[in-house]
Structures are given as C-alpha cells and as structure tokens.
Amino acid sequence: MQLHLSEPPLTQGECALVYCFAASGGNGRFPLPPEIASWDEKAWSGLVAETVQEQGFQGKPNSSVALRLTGEIRKLVLVGLGDPAALTLEALRRATANGLRQAHSLKAKQVMLSLPETGLDRVRGVQAVAEACLLVAHRDNRFKSSAKGEEENSFSVQEVTLLVPGLAQARPDYEVALQRAIEMAAGTILARELVAAPANIVTPLALADTARQLAQEYGLEVEILGQEECEALGMGAFLGVAKASDLPPQFIHLTYKPAQGDPVTKLALVGKGLTFDSGGLNIKTDSRSIAMMKTDMGGAAAVLGAARALAALKPQVELHFIVAATENMISGHAIHPGDILTASNQKTIEVNNTDAEGRLTLADALVFAEKLGVDAILDLATLTGACVIALGEEIAGLFTPDETLAQELQQAANLSGEKIWRLPLEEGYFEGLSSIVADMKNTGPRSGGSITAALFLKQFVEKTPWAHLDIAGPVWTEKDAGYNNKGATGYGVRTLVEWVLARQAAAACS
C-alpha cells in the first residue's frame, strides 16, 4: 500500500473516508460533517443524510456507513469515533481500520482519508492512522497455490492519501511520523509472517537465516551460535530442551549500533524462540493446542520484527536482539521429567515438566544478555496458559521488580495500543519452585502459574533492570478485529519500538 500526505479539503477521488464524532444525545438526526453535508446537498441530493438516518448511524465507535455515489467522489465511508473527549490513539487506529474494511467492501483502490480535528497530538495521530492502514491491508497469501485464490484474498485498497490540516506548517514532522509508521508496520508484518508460518517452514535454521538477512540488509552485526559454541558457554538449560530435535539449535544475537557517536543507552531484547513445542515427554494431549504450537516463537518474532523496524529508524541506542531458537520434541534423546540441568549461571534446575521448556531456553538467553553490560533487559515470551486465563487473549502480562521500567513499558504500550497489565512478582510464591535435589524446579503449583514462571526467569538476571512480557494471549487472534486480521498479530513489535525510542529521548534530555 502507498501512503501520501496532502492538505484538505476533500476535492475528488474514488473513495472518501470521513471520521464522525458521536452526536450529542445520540438518538436524533445525525448531523453530517460540514464538508460532507455540503457535498450531499450539492451533488448527491441528500442521499447520504437519508442513508445515515435509515441505518441509525450516530458516530459511535465501531459503527460505519458505506455508500456508492456519483460525481467526483464515487464512494463514501463514514466511520464513528465516539465521544471526542474519550478519543485515544488506539480508538483512532481501530476506526481507521474499520473504515478501510468498508472501503474494501466497496472494492475501492484509492482512498482519500480526511483526518479529524481532535485533542490528540496531530503528529501522533498521523502515525496511528498510517499504522492502521498498513496493518489492516496485510494479507498473507504465501502458501496459496492459485493466483485466483491470492487475488480473492487480497486487499482492494492500494493507495491512501491522508489529508492533514496544517500540513504545510509542520510537514517534516508529519513525514517523520509517516516513515515511523511504515517501518513499525513492516516490522509487525515480519513478525506476523514468522508466527503464521508452519513449523516445517520456520525452523530454528530459518530464524537464524532471517537474522542474517536483516543483518545484511540493515548493516547489523550478527552472531549465530551452534551446539558446540553453546556448550562452551555452559548453556545447559537451552541445550537440554534442544536435545530431542533433529534440527540443530541456533542461538541468535543481532546487534545494532549507531553509525556515528556514542549510544545514549544500551538495551537487550530477548525473545522466546520455540519453533514448535510438542510438550516433550509431557506431551500436549489437546489436538487444538498442539496444532497451534507453531506460534510458540511469538517472542522471537516480535524481537526480530523490532530489529527490522529499529534498524531502519536508526536510533542513537545500542540494541541487542537475542533468540535461543530450538524445537521441543520427543525422541530417545529427550530430557526426562526429573532430569537436572545446569544453566550458564551455574544454577541447577530439576525439570518436573518438559512442557515448561520456554523458561529453560530463556534462562540461558537472559544470562547471556546481562553479560553484555546493557542498561535494561526486556524479554517477550508466549510463556504460560495461566496468563491467558488471567488476562484473556488481548492483554499481555507484565512482570518486573523495577518501577521505572514498568512505567516506561506502560507508556509505550499506551502509544502502541498493544495492551499490557502489570501482575505481581510475589516473592513468596517462589517457594512453589523449591526442589530437594536442585536449586529450583521449572514449574510450581497450578495456581499463580504465570507468576511462578516470571519468578523462575528472575533467577537468571542478577542486577540489570529487567522486565518480562507474557504474550501468550495476544500473539494470535481467531477473528478480524480492528487492524488485526484473523491469525498472527505481530504483537509486541510496536511497543518495543516505542519503548526504545522513548528511552532514547529520555537519555538525550538527561
């Protein structure tokens, strides 16, 4: 999709998308926006007002009206924003996506989108609208065999012009916002496609190849550690999980450094990279559950998607992107329940459940990250079903002992629209991981499962500020909603980018 910036007003075009705030009272005749009311009276003989009245459109959130017309504007979409005082960037994204879905239903190829006057930061509004346009248009047809099937599943809208009031006064700022949206959406789409691809396509080797491609395209440093290198570093937890797979483990380390000048801060982003999780000898028995275990590398996908976006945006920040990639399979080499593994920080782990393998791979990844001397570590993982039970399928769980980091990540999530909710790191629950033969077990009681999982990870970070995002719920959706289509969402990429850019801005001001 091509995106352009231009000045209002609406003049002519195939399709116009116009935002509408909710009418006061909400039950009377809806007042059309002035620009549309004028067109309706002069060119459309009141057809728009009549249709709006018939359909009961009142400008409420998630509501819209789509019409075919004659004249210089041949198709029109009105989309509701609700109460202007309650409008958020995420509501603007969702309304934009709703409107573009309606434009798609009209088979529109070109859309003129008139940005509303709101209380939101206008530059941020342009970024949010552009993100929604690019993300709702994404269709993953890689594995369809026929051109006809691909055409039927493609998004009709190919070009959107954003009409921005006051564009001329701050065009450079708007162009920066547009480019940021383009790169963030591209990173999100990369993450979506990694998560959506089956485990026979996205293997540990394929993730490593993706990292190499990013390094080549964006000038990143890349280090891929194989079995022997990981053994030399004492990564017994990671390699314990990897033992049963016929595919070799790949420990991925991408590094971005500013081209000029010293970095204002150094950060590590760590993603869980289980390209398939059978459960191991504690095999998953639910056929639906095991079929979806291609998504168990959603954290790795978010980290690689963020690497793609941030390398293009070039912040003055040193960034380390880390993924311990492997499968959790069943074979004669598989770890047994009761085995003891030694992680690279020399802590020992009794494996009382082989289906709690992600935290084992993350243990060595976190130790590796801290040794890099970074200022903060953030890991993302599709870690626990318990978090999905607690927060549902749209919200990630945030765990951190660091108040500043918690606030930073919440602010980043507010900007991205990717929902997070902080859950407690209740230290007393670590008793549930106690072992009589090792330093800890890898799982505790069923109750508080997402908390004990986070407490387990905490044992592998000594001093560096650290946060953990459990993204098991929002990494996938079973319905078209907002700018996400059914399937992989690419969750986490935009929050990571917003967090890194905010850390850069804060460091530059200090």
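Placement of Cβ uses the backbone N, Cα and C atoms for every residue, glycine included.
The shown structure was predicted, so the numbers you read here are calculated from the model rather than taken from an experiment.
Taken from Swiss-Prot, the feature Mn(2+) 2 binding site covers LYS272, ASP277, ASP296, GLU357, and the record attributes it to sequence analysis. Positions annotated as Mn(2+) 1 binding site by Swiss-Prot: ASP277, ASP355, GLU357. Per Swiss-Prot, active site is recorded for LYS284, ARG359.
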Discussion item. On a C-alpha basis, identify the one among LYS272, ASP355, GLU357 that is nearest to LYS284 (active site); the candidates are the binding-site residues.
Written reply: ASP355
Discussion item. If I restrict to non-local contacts, at least six residues apart, and a C-beta distance under 8 angstroms, what lies near ASP277 (Mn(2+) 2 binding site) in its own chain?
Written reply: LYS284, MET293, ASP296, GLU327, ASN328, ASP355, GLU357, GLY358
Worksheet item: Fewest other CB within 10 angstroms, which one of the recorded positions LYS272, LYS284, ARG359?
Response: LYS284
Worksheet item: Around the Mn(2+) 1 site (ASP277, ASP355, GLU357), what further same-chain residues have their C-beta within 8 angstroms of the site's C-beta centre?
Response: VAL241, LEU274, SER278, GLY279, GLY280, ASN282, LYS284, MET293, ASP296, ASN328, THR354, ALA356, GLY358
Worksheet item: Once the DSSP letters are reduced so that anything not helix or strand counts as coil, what is ASP277 (Mn(2+) 2 binding site)?
Response: strand
Response to the item:
Candidates ASP296, GLU357 (binding-site residues); min other-Cβ count within 10 Å returns ASP296
Item to complete: Around the Cβ of ASP355 (Mn(2+) 1 binding site), how many other Cβ atoms lie within 10 Å? Please give the count over every shown protein chain.
Response: 17
Item to complete: Indicate whether ASP296 (Mn(2+) 2 binding site) is helix, strand or coil by DSSP.
Response: helix
Discussion item. For the C-alpha pair, I'd like the distance in angstrom between ARG359 (active site) and LYS272 (Mn(2+) 2 binding site), rounded off.
Written reply: 8
Discussion item. Give me the sequence-ordered set of same-chain residues, not including LYS272, ASP277, ASP296, GLU357, with a C-beta within 8 angstroms of the centroid of the Mn(2+) 2 site's C-beta atoms.
Written reply: GLY273, LEU274, MET293, MET297, ASN328, GLY358, THR361, ALA381, THR382
Discussion item. Under a three-state reading of DSSP, tell me whether ARG359 (active site) is helix, strand or coil.
Written reply: helix
